[in-house]
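J.: Can you read through this structure? Questions will come right after.
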């Protein structure tokens with residue numbers, strides 16, 4: 001028992017087992033002292049998050065599919081312009097009540113029903129963590145090669161079945177290792193990493209941009225290359241590609257309350273996100289288009305991956321200036337990948353795993369679990385089988401959009417901004433979020449409905465023959481999943497009203513919770529304090 005006690009996160013001796021299943025410090029409303037994310041921090045966050053290898057290459061698949069560069073760029077603007085309001089909508093409960101995604105999910109799916117949502121998101125965050133480390137390992141290899149060209153001569157001691165060479169494993173491990181310290185910092189302090197990244201990465205991007213234009217003596221032929229799609233094919237091609245931008249953000253959209261919970265004010269999580277998302281991602285993708293276009297002039301073919309292009313710069317005995325330039329840009333991409341992994345995966349996994357095992361896991365421990373799992377799944381093998389893995393990732397956005405549809409509907413249309421914070425940590429049978437034995441069947445029916453409408457289309461995406469209508473529905477999977485779950489949830493709540501449904505919209509905690517109480521909730525008398533607040537609120541309601 002002493003070993004189990006040592007493994008537990010810090011809590012009071014008087015904490016009951018039911019409390020330890022629902023509560024720890026990282027699940028409570030964030031105290032005022034830790035609400036440190038201001039407007040500039042959210043702007044820096046999105047500048048930092050947008051600059052990564054995936055965003056750089058987001059337009060490449062569109063151009064290769066037959067769009068012209070400007071059609072692809074319009075898709076990026078529209079796609080990220082559409083997803084930004086959804087991020088803001090889902091972040092709002094976190095910004096108002098300063099709670100993270102797993103706790104917000106309790107309001108719609110129930111105290112225990114929410115665990116599937118957090119497991120779903122947390123498991124995928126672990127997988128994505130490994131994938132991003134694999135990409136970061138490629139950046140690390142290029143940086144090491146710029147410093148020590150002899151790294152290319154390291155003999156391979158791994159078997160072919162490993163799917164990776166010794167030098168690549170070295171780079172992967174080093175990137176994985178240097179990422180670990182960033183997980184240590186609490187959420188209200190990690191904003192400084194994004195500030196640093198927001199300074200370094202745009203400078204490196206601009207250097208890369210100008211360098212390639214100068215080297216190619218122009219912007220290259222892709223800018224003058226017309227699209228090959230026309231008519232309805234062009235229309236659906238643009239829809240499909242802008243939806244890929246939205247799917248790319250499905251993870252951050254779902255766990256938007258995690259960062260918003262640290263916002264200094266509600267407006268800090270509103271306008272900076274609404275405006276920064278489309279602008280930053282469009283600028284980075286534009287730089288990627290021009291750099292790749294210039295590479296076609298330099299090498300006779302378009303090199304869409306910035307890492308592959310930097311690696312080619314190091315061929316044929318480059319000058320010291322070239323090696324330094326490659327080193328700096330590769331270093332910036334390393335910082336970029338670390339920041340992206342923290343924002344999209346480490347923090348998410350930490351919050352989600354905390355809700356699954358709050359007695360033993362906090363955000364920091366959850367982040368390190370994600371790092372270990374991300375290594376153990378051998379992510380380079382997932383990337384090697386790209387077709388199946390890409391299809392799975394595309395389908396994953398359907399699951400997340402259905403969750404987001406239920407959560408947004410719950411906040412804006414069912415309870416209309418009314419929360420009862422004490423009930424989020426209490427298993428009282430008359431609590432708002434107890435529903436049916438801790439599960440809200442309305443949310444689950446809506447969630448499954450949002451998935452089912454896309455099942456046939458997903459089968460078509462994996463190579464099976466399906467009706468064209470099903471394919472079109474799946475091509476708009478985010479909207480169909482979000483919309484159907486929203487409609488079904490509204491209808492079920494109309495037919496079977498929930499406790500606490502409101503007629504007027506007002507963002508208020510009716511339990512009278514004060515965020516400063518979060519500092520003392522784990523004290524021995526916290527249970528009686530919560531019951532006292534709840535009893536008083538019941539009397540007022542009656």
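Numbering starts at 1 and runs along the chain as displayed.
Yeah, the Cβs are placed from backbone N, Cα and C, and that goes for glycine too.
The transmembrane segment annotation in TrEMBL covers 42-63, 69-89, 127-148, 169-187, 193-214, 234-253, 273-291, 324-343, 363-383, 395-414, 441-461, 473-496. The feature region 'Disordered' is assigned by TrEMBL to 516-542.
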J.: Should anything in the same chain at least six residues away from the transmembrane segment (127-148) have a Cβ under 8 Å from its Cβ atoms, list it; otherwise answer none.
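T.: Long-range Cβ neighbours of the transmembrane segment (127-148): 53-54, 167-168, 170-176, 179, 251, 307, 310-311, 314, 323-324, 326-327, 330-331, 333-334, 337-338, 340-341, 344-346, 349, 370-371, 373-375, 377-380, 382-383.
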J.: Cβ under 8 Å, sequence separation of at least 6 from the ends of the transmembrane segment (473-496): give me the contacting residues as numbers and ranges.
T.: 86, 108, 236, 239-240, 243, 246-247, 250, 394-395, 397-399, 401-406, 408-410, 413-414, 442-443, 445-447, 449-451, 453-454, 456-458, 460-461
J.: Is the transmembrane segment (273-291) in contact with the transmembrane segment (363-383), using at least 3 Cβ pairs under 8 Å (sequence separation of 6 or more) as the test?
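T.: No; fewer than 3 Cβ pairs under 8 Å.
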J.: Answer yes if the transmembrane segment (324-343) and the transmembrane segment (169-187) have at least three CB pairs under 8 Å among residue pairs 6 or more apart in sequence, and no otherwise.
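T.: With 3 or more qualifying Cβ pairs, these stretches touch.
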J.: Restricting to CB pairs under 8 Å, which listed stretch, 69-89, 169-187, 193-214, 273-291, 395-414, is in contact most with the transmembrane segment (42-63)?
T.: 273-291
